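**Student:** Before I ask anything, here is the structure I am working with.
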């Protein structure tokens, strides 16, 4: 089961989530329109195990990274059985 990893605009590019991930799902890359020292992450969700360590490591009050487990996303779309 793959999980959905969403990085929000409140990300400050500190890389705490990248370092916390045990499966190297997150990678910091430059993005179009980025300002000095701002970076975005490129999640490889097929390797995500859903441990949510990236969420715990996020220092922003806005929780800039979220992991949605497969059953959370299917429930929100009305696809659960």
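Along the chain as shown, the residues are counted starting at 1.
Even glycines carry a Cβ here, placed using N, Cα and C.
Feature table excerpt (Swiss-Prot):
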type	residues	note
BINDING	11, 14, 17, 58	[4Fe-4S] cluster 1 binding site
BINDING	21, 48, 51, 54	[4Fe-4S] cluster 2 binding site
DOMAIN	2-31	domain '4Fe-4S ferredoxin-type 1'
DOMAIN	39-68	domain '4Fe-4S ferredoxin-type 2'
**Student:** Tell me, if you would, which residue among 11, 14, 17, 54, 58 (binding-site residues) has the fewest other CB atoms within 10 Å in the structure shown?
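**Tutor:** Sparsest of the binding-site residues 11, 14, 17, 54, 58 by Cβ contacts within 10 Å: 14.
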**Student:** 21, 48, 51: which of these binding-site residues has the sparsest Cβ neighbourhood within 10 Å?
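**Tutor:** Counting other Cβ atoms within 10 Å of each of the binding-site residues 21, 48, 51 gives the minimum at 51.
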**Student:** So, by DSSP, how many helix, strand and coil residues make up the domain '4Fe-4S ferredoxin-type 1' (2-31)?
**Tutor:** 5 helix, 6 strand, 19 coil
**Student:** In the three-state scheme derived from DSSP, which category covers residue 48 ([4Fe-4S] cluster 2 binding site)?
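**Tutor:** DSSP call for residue 48 ([4Fe-4S] cluster 2 binding site): coil, neither helix nor strand.
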**Student:** For the domain '4Fe-4S ferredoxin-type 1' (2-31), what's the mean pLDDT in this predicted model?
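**Tutor:** When the pLDDT values over the domain '4Fe-4S ferredoxin-type 1' (2-31) are averaged, the result is 81.
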**Student:** DSSP on residue 54 ([4Fe-4S] cluster 2 binding site), three-state: which is it?
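**Tutor:** SS state of residue 54 ([4Fe-4S] cluster 2 binding site) = helix.
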**Student:** How far is it from residue 21 ([4Fe-4S] cluster 2 binding site) to residue 58 ([4Fe-4S] cluster 1 binding site), counting Cα to Cα, in Å?
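**Tutor:** Distance between the two Cα atoms comes out at 11 Å.
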**Student:** Which one is it: of the binding-site residues 48, 51, 54, whose Cα lies the shortest distance from the Cα of residue 17 ([4Fe-4S] cluster 1 binding site)?
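**Tutor:** Checked the binding-site residues 48, 51, 54; minimum Cα distance to residue 17 ([4Fe-4S] cluster 1 binding site) goes to 54.
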**Student:** Between residue 54 ([4Fe-4S] cluster 2 binding site) and residue 14 ([4Fe-4S] cluster 1 binding site), what is the CA-CA distance rounded to a whole number of Å?
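**Tutor:** Just about 12 Å between their Cα atoms.
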**Student:** Could you state the whole-number distance in Å separating the C-alpha atoms of residue 58 ([4Fe-4S] cluster 1 binding site) and residue 51 ([4Fe-4S] cluster 2 binding site)?
**Tutor:** 14
